[in-house]
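Here's the structure, in structure tokens; my notes come after.
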Amino acid sequence: MDKKSSLQVIHKHGPCSQPHEEKANIPTHAQILLLDEVRVKSIHSKLAKNLGSVNVMKKDAAANLPAKDGSVVGSGNYIVTMGLGTPKKNLRLIFDTGSDITWTQCQPCLRSCYKQQDPIFSPSSSSTYSNVSCSSAACTSLNSATGNSPGCSSSTCVYGIQYGDSSFSIGFFAKEKLTLTSNVVFDNFLFGCGQNNQGLFGGAAGLLGLGRNKLSFPSQTAIKFKKIFSYCLPSSPSSTGFLKFGNDGLSKSVKFTTLSTISGGESFYGITIIAMSVGGKKLSISASILAAGGAIIDSGTVITRLPPTAYSALRSAFRKQMNQYPMAKPLSILDTCYDFSKYSTVSIPKISLFFEKGVEVPIDARGILYINSISQVCLAFAGNTNDFDVLIYGNTQQKTLEVVYDGTRRMIGFRTGGCT
């Protein structure tokens, strides 16, 4: 793999992320799922607000970071390290395809900063930092990137962003030198310098916004990377994946399907799932049910949410093929759980998603089951409240896949065995 623009990705609560994280700070599986439900509800309400309850789908060079497993904010579970300022300070950021603006906590933390692992960024110690003025076009464009009108403090632009779990960041909108890898550097990168930050960011310094708005990282670096990035999420908290920018060294075995735009959710990456199969047999769900509320792929949602009609078809086919195993009690939003404590090996049916352009994406076994303990292993899908809520393809089902986003060509690609 071309290391030029590649970052390592780790899980937010993996051993690589926080060598001294106290056991007490690591959320339980039930807490993770509860927070996931909060994120999903916030995505649904954001889209419902924007859709005005009309559900219409509109058709409309490389850098590579390591990916690690991230806090369960309304903003993802995976972390990369980037450099900011001159001299460069390394910061661990959660990356999120469902957010646009990039921000980090900044000294002097005028209101409040949560505890992070890296030293908090100090703008006064950097020779390349500058504030963005209230009258600039960049300041005005914050409205579409954050959903909030920018403020103004003695002619400096003030941003504010809040996430589904009531985490938030407010501070000065600024420009700074951003270092991806030693030879990939961007001057005048627009970011939020957070002076009032609260939330469950798991010790990360802030957030890297990978959405589709013009202030997002892919848009700001489009001249170099052409809005192309790909990642492979680690399959367990102790393994690593990658986040790569640009198309250098992109595998020929990536299968591409169309990226669509969700009305009212232009920052999200829209997808079209047309069918699903369990154990090699397609479920009898019409494509119109899968398309009713639109669909997005999201790096920050943990569990894939399906229209309830589709979920109940998936669940009954799965339960039928798993009837030799004793069931266990449900785990939060997961209602199909098994007790494998008496088995040394288990056999589970394969599950595949089918996209436009004839693309089949087989879900890895680690993406089919969510393991709380050996005596409570659950089917890792859940149903939405109604068929018109947006379908969300979550990160558990993306494990071990390389997922390639091509914002310029409006394509999204998948490659199995993508982390190797």
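FYI, residue positions are counted from 1 along the chain as it appears here.
Placement of Cβ uses the backbone N, Cα and C atoms for every residue, glycine included.
Residues or ranges marked as active site in TrEMBL: Asp96, Asp298. Marked as domain 'Peptidase A1' by TrEMBL: 78-415. For 1-22, the entry in TrEMBL reads region 'Disordered'.
All protein chains included, Asp298 (active site) registers 25 other Cβ atoms within 10 Å of its own Cβ. In the structure as shown, the Cβ atom of Asp96 (active site) sits within 10 Å of 27 other Cβ atoms. Across the domain 'Peptidase A1' (78-415), the prediction's mean pLDDT works out to 94. Cα to Cα, Asp96 (active site) and Asp298 (active site) are separated by 8 Å.
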